C-alpha cells in the first residue's frame, strides 16, 4: 500500500514541531553557565529565527485549495500554527537579547551623550537644513528600492500635500507581505499616498516606508506629530528639562485624547473584530432619534397646506367610510434569504440579526420598518422622485465581550430601484440584490475582507468563484390583491408595515376619521378628544410584541363573527375598541411591564410572560381590583391631541 500523501499544512505542522524541539534544546543549552559557547548559541538562535520566518512565509501562502484531501477546521488549524510560530519567534528574540555581548547591549557612552546634547542645542536653521537633506536621502533611497523591486504593487502618485498630513495608529499592525509597514499603537505616521483599495503608503519617524491599512489610522494634526518627534529625540539625552517633560506629557495627552474620542466601530475594525465594510447602523440611529421615522408617526393624519383640513383623510359621504387614496407605490414584498454575509469577529456576542427597510430616494429616508423578521410586508409611498426605491439594511445588535458595550452595526445595505430610466415601474418578481459595505451615502465600499493589493482575478473560473462569494439579498416583490388593495388605500400615502396588521390599521383609520370628521362640532375645533384608543394605539404600533398580542386577540374574536358582520364596518369598529381595551390597553400602562428593549432576551422574556399569561385576560373587575397595579395616571393616556399628533 503506497504511503499516504502529506498535505502542505501537515508539513508545516511537522516543521513547527521540529523547530519547537530545537528551541527547547537551545534554551536548555543557554541556561548552562558556559561562556565559551555563548557566541555559538547566539548563531544557532539567529539561524532558528530565519527558519521560523521561512516557515511563516510558507504558511501565509497556503490555502485550503492546496490540500490534496479535505481538511476540517482548516482556517482554525492555520491560525493555531501562526500562533505557535509567533510564540517561538518571540522566545528566540528574547533569548537573542540575553545572549548579546555586553558591549552591544550597553547604552551610548558619555561622550556620545554629550555629542547628542550638543546636536540638540544647535541652531534651528541647521536642524531644518539637516532634516531636509535627510528626507531627500530617504526619499531617494526609497525611490531606488521601488525601481529595483519588481512587485505588482501600484501605490499611485504621491500628492504633494499628503506628506504633511499626520495620522495616529489606532492599533498595532504587523506586516505580512513584502512592502508592508509594521506599526505600533499610538505611533505617529505621515501618509504619502492613499490607494483606493484601502492600503495607504505611510512613513514612520525612522524614515521607514510601507503599506498600512487605512482602518488602523486616525487623523492627527501636524503639530502633534512634530512635537512627538522632538520628544523622542530629546528622550535620548540623560537629563531632561521641565519644559521638555511637560511637552512630552501634553503630546501623549493629545494622542490619548485622539484615540479615546474615535468611533467604536473604527476601534473594532482596527482590532479585526468586524469586517471593514461594517458601519454603525444608520436606520437604528434614526429610529432612536424620535418618532418621526416610526409607524406611530406615519399612521397619523397629515394636515393640508392651510392646516385647516386633512390632506390624506377624507370621508365618503355616501357610505360613511374613509375614502380610499391610491399611492404612487403600493406593493408587498417577502424576504427570502441572505447569502455570504460576513459575520462579526470573536470579540463580539451577537444578540440579534435583522433586516430593516425604508423608502429611499438617494437623499431622504421615509416610512421606516423597525425590523423585518418574517412574513409579508407592504410599502406605500407617494414620492415623485425618479430615484425612489427600497433600502434594505442588514444589521446586528452586539455586545462586546471585553467591555460589555452594546451597539448596532450595519453588515451592509442593498437598494432596489422601483422605476427604470423611462419612469416605468420595475417588474414585480424575485430580485437578487448585491449587498454593499459602508452606508447608503458611501460609494464603492467593498464588503470583501480579502486584500485587494494583488488585484482582482482575471480568469473566468476565478471570476465565477468570486461572484459566488459576493454578499446577496434575495427579495420577492408581489402585486397586491383586490382585498388588500382596498385596505391599503385606507392608509396614509406613505407608510411601511407588516401585511398581517393591515386590517387593524384600516379599522383604526376609520375610527380616527369618525372622531375628526364626524364627531367634532366644527372643523376648526382643536380641543382634546376623549378616546383611549386614538391616544394610545400609536404607542402599541411601535411595540411588536403588543401588536402581535392584539392581532391574536382580534383573530380569535373575528372567528366568532357571522359572515355578514365581518363586512359591517360598525361591527368591526366596536369589536376593535372592545378587544383593544380588554387585551392591550391594560398591558401598555401596567407597572409590571418593563419598557421595551430591542434584542434584550431577559426583557423580552419577561414581557412575553406578562402578555401571554392566563391571568392577563382583563375584565373590568380585574382592572379595578387592588391586586392590579398600573402606572400613575396621565391625561395623555385617554385624550387625543390633534395639534401635536397630526403630521404638519
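Positions of Cβ are set from backbone N, Cα and C atoms, glycine also.
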Looking at the candidate ranges 169-210, 211-252, report the one that TrEMBL labels region 'Disordered'.
211-252
Between the ranges 59-78, 259-278, TrEMBL assigns region 'Disordered' to 59-78
Beyond a gap of at least 6 residues from its ends, the CB atoms lying under 8 Å from the compositional bias 'Basic and acidic residues' (14-42) belong to 6, 48, 51-52, 55, 81, 84-85, 88, 91-92, 95-96, 98-100
DSSP says what for the domain 'SH3' (162-222): how many helix, strand, coil residues?
7 helix, 28 strand, 26 coil
Grab the same-chain neighbours of the region 'Disordered' (59-78) for me: Cβ-Cβ under 8 Å, and only residues 6 or more beyond its ends, written as numbers and ranges.
5, 7-9, 12-13, 85, 176-177
For the domain 'SH3' (162-222), would you mind checking the mean pLDDT of the predicted model?
80
How does the region 'Disordered' (59-78) divide up by DSSP, counting helix, then strand, then coil residues?
11 helix, 0 strand, 9 coil
